[in-house]
Amino acid sequence: QVLILKGLKQEVSCLCPSPDGLHLAVGYEDGSIRVFNLLSGEANITFNGHKAAVTALQYDHLGGRLVSGSKDTDVIVWDVINESGLYRLRGHKDAVTQVLFLKEKNLLVTSGKDTLVKWWDLDTQHCFKTLVGHRTEVWGMALISEEKRLITGSADSELRVWDITYIQEVKDPDEPESKKSKGSSPGAEENTEEDETLELDERPEERLVKCSKVGSIMREGRDRIVTLATDRTGRILACHGTDAVLEVFSVLSEEEVQKKLEKKIKKAKKKAKQNSEEEPERNVELSLQEEIQRVTSIRASSKIKSFDLILSPKGELKIVLLLQNNIIELYNLNLSAQVPQAVCASKITIGGHRSDVRTLAFSSDNIAVLSAAAESVKIWNRSTLQCIRTMDCEYALCSLFVPGDRQVIVGTKTGKLQLYDLASGSLMETLNAHDGAVWSIALSPDQRGFVTGGADKCVKFWEFELVKDESSVQKRLSMKHVRVLQLDEDVLCVRYSPSQKLLAVSLLDCTVKIFYIDTLKFFLSLYGHKLPVLCMDISYDGTLIATGSADRNVKIWGLDFGDCHRSLFAHDDSVMYLQFVAKSHLFFTAGKDSKIKQWDADKFEHIQTLEGHHKEVWCLALSPNGDYVVSASHDKSLRLWERTREPLVLEEEREMQREAEYEESVAKEEQPVVAGEMQGETGLAGKKTIETIKAAERIMEAIELYREEMAKLTEHKAICKAAGKEVPFPVNPVLRAYGNITPSAYVLEVFKKVKSSELEESLLVLPFSYVPDLLRLFNEYIHLGSEVELLCRALLFLLKIHFGQITSNHMLVTVIENLKKTTISRVSEARDVLGFNMAGLQYLKREIEAKDEVTFFADATDRFEEKKRKRKKKEKMVLAVL
């Protein structure tokens, strides 16, 4: 492991490295995009524009622009250098699955689950072509053969291949029809095509590309494409479906195609001579299967989630696969071999489980953590977070540490109890405990035995005993079945009371039955849940029992009379696990809504929510001292939570919760409408967030301070005039903190601190009453030549959104006139400086290239001379031997 890029709480949904390899763009489930610097590991840029998960990311060939597609059906083009959004492209009716820039032209291709492939002209920001030849969702796209071919993959086993022809000149709409027909207008040809290449073109005269279907390549897989991609050179194409097979294809270059074609023509001529034909057939062409050849299929050890590939200069292909079961595999493929075979070079299988963890347990000394899944039991060191033992098991559902922490017991889905020794990591004993799954296991408070509950409607009592081992002299630990309690329904959960007088049993009929342990007589029935109780726990003093159910509620009951103290709506989905903190009436619950919550059973209050998991939380375990919580989720992660010494103030927690809810509501609000802008294909890239509102508020506060200071200054001048002497002017503490700057300079400072990606959205929510002051200040700043680019961008945006109000305001006529003069002069100055610098850099580049060429040729000459010397030496040796 080299580097960890720490993000926020959201799940990563998409990755894309920049062409220079120095940055990594990361898309998240909440629609945000962060660009990380791979040298420092920090996220310098954040883009907020999408309302749903980012599904596709792509840099242009220079790395200056980034395009993102999302589940919210929008495509947004971002300026990475200026750290801002350029524009939003609307047109897809379902989630966007792939986005591709074309190097040669300023064009973009996007595909979506709405079965469409759209072509966008980025100069005019509109969709000029839509391919509607797919029957099902388009899940992937790739450009090959120097961007002259497009390959699309959908929900069937066909990879459709499209020829791309760039039309050099856009025809003038006023040009006569006769001339047009001689040009390469694709309309007539494409309309005669089969319905696969039907196109929706609104402006036939604005066509830039002709795209026609060539044919299809058949995949081995029958299911949908998950990932379709090429390597950097475009020579190798690979794809996989929802199975464990990656199919690799080789794309022939133009030279190779030409060679193959020549061979084919020679063969055809030879054949024609043999058949004594005068002339060979002229229409000798390569089939699509000959141009795009199948290399091999690689079968991974599990279902593939994603992949990437690199073709080395020596012709060896390296493929890295990310698998569904938490493994990364690296394969090497020698393409020059007669029959290329993929070899698994290495694997990353460190640590975790290959499937969901269904049970957790803490050792009595708070140091070891047990986690068990469908294939293995693992023991972890809590302090180092390292896995110290891995033992194979059947599908585990419940577990516990035997007193002494030297053995563990696991209950399985097949009804077995498995006893493991931790020192040797071996399975000591397996007992057939139940006829169905062992859903629950609980250690007795006297630590002499335990109880299990299963799907066979039985509760069984067990005791620990020492038995003689046949293989050794020493005795070993074993389990002895003592009693059984037969019930009418499946048992889901069992718990002892701390006094060991009562046993609580949760049944499939949505009730919890309480029995006396000594006589197994019925004591209480706790009924009230609408769905089965999946988890429960009894407090340390035996006064309370808390039950968590699939109906999303937690009920707190008194154990003396079985009365329900309170019912709490705990989670947005089933409550999967519940446990009291040692020596307190606080308890934790885990839910299928991916949250872990802490509650107070005395005051019936929600204390805090632990957010971190991205999927359902199956189980959790509290350490005996109550300082640690470990949780396991469907997102394949185990998370360890530590209790801090920091006091928790409930009012502050509520306030933070309200703020988070407000931020969510702001993001879900309708975006403000820009005056004069049609709600068509394009729109603003950003979206209204809490940050943009805060930025607008800071600008408003700065302008208000400026107004107050200017009013004070006018008043001060009047006082000085009346007094006939200079009176010291009181400096505002805010301005003093900035180093005694002027009020206008303070407004500029605040303005500069607004993130580039949030500037437009902040100005959009700024009330018009602040705009006149802002325009006057812009005039002052631009005249001084400070921050010309930033201010021009803001100025043009303000003019665009408030055009009507600004032009009808007579007070602003002179301001706008002055701005017009100063802006044009300052922008032309900035342009001249840029032009001069560009020319200088190009000159330096040419100088360096010239030097490099000289040294390159010098090196080549030296090498040639050395080879000559070696050859002569070798010849002399051969002569000597002869």
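Our numbering is plain: 1 for the first residue shown, then up by one each step along the chain.
Every residue gets a Cβ built from N, Cα and C, even glycine.
As annotated by TrEMBL, coiled coil applies to 251-278. Per TrEMBL, the feature compositional bias 'Acidic residues' maps to 190-199. What TrEMBL records for 744-846 is domain 'Small-subunit processome Utp12'. Look at TrEMBL and you will find 173-202 tagged as region 'Disordered'. Residues annotated as repeat 'WD' in TrEMBL: 5-46, 47-88, 89-130, 131-172, 350-390, 431-465, 526-567, 568-609, 610-642.
Counted with DSSP, the repeat 'WD' (131-172) comes out as 0 helix, 23 strand, 19 coil. Listed by sequence, the residues of this chain that lie at least six past the ends of the coiled coil (251-278) yet keep a Cβ under 8 A from its Cβ atoms are 144-146, 230, 234-237, 284-286, 290-293. For the repeat 'WD' (47-88), the model gives a mean pLDDT of 91. Helix, strand and coil content of the domain 'Small-subunit processome Utp12' (744-846), in residues and according to DSSP, is 91 helix, 0 strand, 12 coil. For the repeat 'WD' (526-567), same-chain residues at least 6 beyond its ends with a Cβ under 8 Å from one of its own Cβ atoms are 492-493, 495-499, 501-502, 504, 506-514, 573-580, 582-585, 587, 589, 591, 599, 601, 604. Taking Cβ pairs closer than 8 Å, the repeat 'WD' (568-609) reaches residues 531, 534-540, 544, 546-550, 552-556, 615-622, 624-626, 629, 631, 633, 635, 641, 648, 650, 653, 657 in its own chain, all 6 or more past its ends. The residues of the repeat 'WD' (431-465), classed with DSSP into helix (H, G, I), strand (E, B) and coil, number 0 helix, 22 strand, 13 coil. Helix, strand and coil content of the repeat 'WD' (5-46), in residues and according to DSSP, is 0 helix, 22 strand, 20 coil.
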